[in-house]
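Features reported for this protein in TrEMBL:
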type	residues	note
BINDING	Glu72, Asp115, Leu117, Asp118, Asp252	Mg(2+) binding site
Amino acid sequence: SSPTLLMRVVASAYSVAEKAARIVRNIMATGDLGIVEKSGANDLQTKADRLVQMSICASLARKFPKVTIIGEEELPPHDVAEELIEDGHYEEILKKPCPPQYTGIKEEELVIWVDPLDGTKEYTEGLLDHVTVLIGIAYGGKAIAGVINQPYYNYEVLNLLNCLRALRDLKVTIWGVLGMGAFGFELTEAPAGKHIIVTTRSHSSALVNDCITALNPDTVIRVGGAGNKVIQLIEGKASAYVYASPGCKKWDTCAPEAILHAVGGKITDIHGNSFQYNKEVKHMNSAGVLATLRNYDYYASRIPNTVKQALVP
């Protein structure tokens with residue numbers, strides 16, 4: 001039998017994300033990032049953000065014209081160059097059976113949330129291992145599938161070793177579907193009994209820090225990108241991702257949520273509310289983010305009321 005719509009969308013998104021990674025690396029290699037400030041010095045857009053969004057959205061829209069696609073960047077409508085279009089798909093995904101609850105999905109019922117370059121500020125500062133490309137797929141308001149590409153996987157380690165040849169081949173693509181699992185990485189749990197919090201690097205505030213202090217962490221890791229923070233959870237480098245601030249958007253959390261939920265983790269706002277991903281929803285996750293691979297209740301129960309009162313869903 002032919003592959004279901006969902007598996008075809010995920011297989012295409014995988015190839016599209018791989019192309020996106022090539023665009024991200026090619027632009028970095030030219031040295032001309034084309035940086036524009038959006039709302040301020042911590043809210044940047046680069047040529048990579050623009051070209052990758054065009055590539056992802058146009059490639060998926062050509063194959064799946066009735067799917068709603070929402071990207072981070074507000075770009076004027078214009079024709080997309082053919083060299084930006086990716087029409088391939090990852091065969092391995094098509095070989096896997098679709099979870100039965102998703103076999104009857106129609107194109108117009110899907111919403112795809114795209115963050116072309118999650119961790120833009122870090123990209124401009126050369127912290128390349130923080131950067132991800134995020135393609136999240138939602139149905140019925142829920143994140144059900146996702147693709148995360150790390151264009152510079154293990155960049156820091158390889159850079160220290162000066163393995164320049166290896167740098168060409170260090171991208172990695174993670175994908176997952178709810179009810180099936182997630183692939184492309186080795187699921188690892190954080191050390192038992194340790195409270196390692198991963199949080200924002202460039203959007204800190206008194207509220208963010210008060211919330212983290214209340215959790216009495218052993219270690220705090222400050223990195224860029226929501227995709228990168230969820231990867232820290234599934235690779236066992238952190239036990240909780242805590243962000244007590246309204247900065248995060250739906251395109252930041254949709255793909256990571258699908259992958260985290262596919263391996264038994266949990267992500268909500270600071271109040272414990274699920275995120276909604278239907279096409280009419282507001283883009284801002286205004287009540288912050290709390291995510292864990294395990295022990296969600298431990299962290300949720302320790303969020304101070306003062307923090308909850310300050311963050312209105």
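The backbone N, Cα and C atoms fix where each Cβ goes, and this holds for glycine too.
Location within the structure of each feature annotated in TrEMBL.
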residue: Glu72; record: Mg(2+) binding site; Cβ neighbours (10 Å): 22
residue: Asp115; record: Mg(2+) binding site; Cβ neighbours (10 Å): 31
residue: Leu117; record: Mg(2+) binding site; Cβ neighbours (10 Å): 30
residue: Asp118; record: Mg(2+) binding site; Cβ neighbours (10 Å): 26
residue: Asp252; record: Mg(2+) binding site; Cβ neighbours (10 Å): 27
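Each of Asp49, Val114, Pro116, Gly119, Thr120, Thr132, Val133, Leu134, Gly225, Ala226, Gly227, Lys249, Trp251 belongs to the same chain as Glu72, Asp115, Leu117, Asp118, Asp252, is absent from that list, and has a C-beta within 8 angstroms of the C-beta centroid marking the Mg(2+) site.
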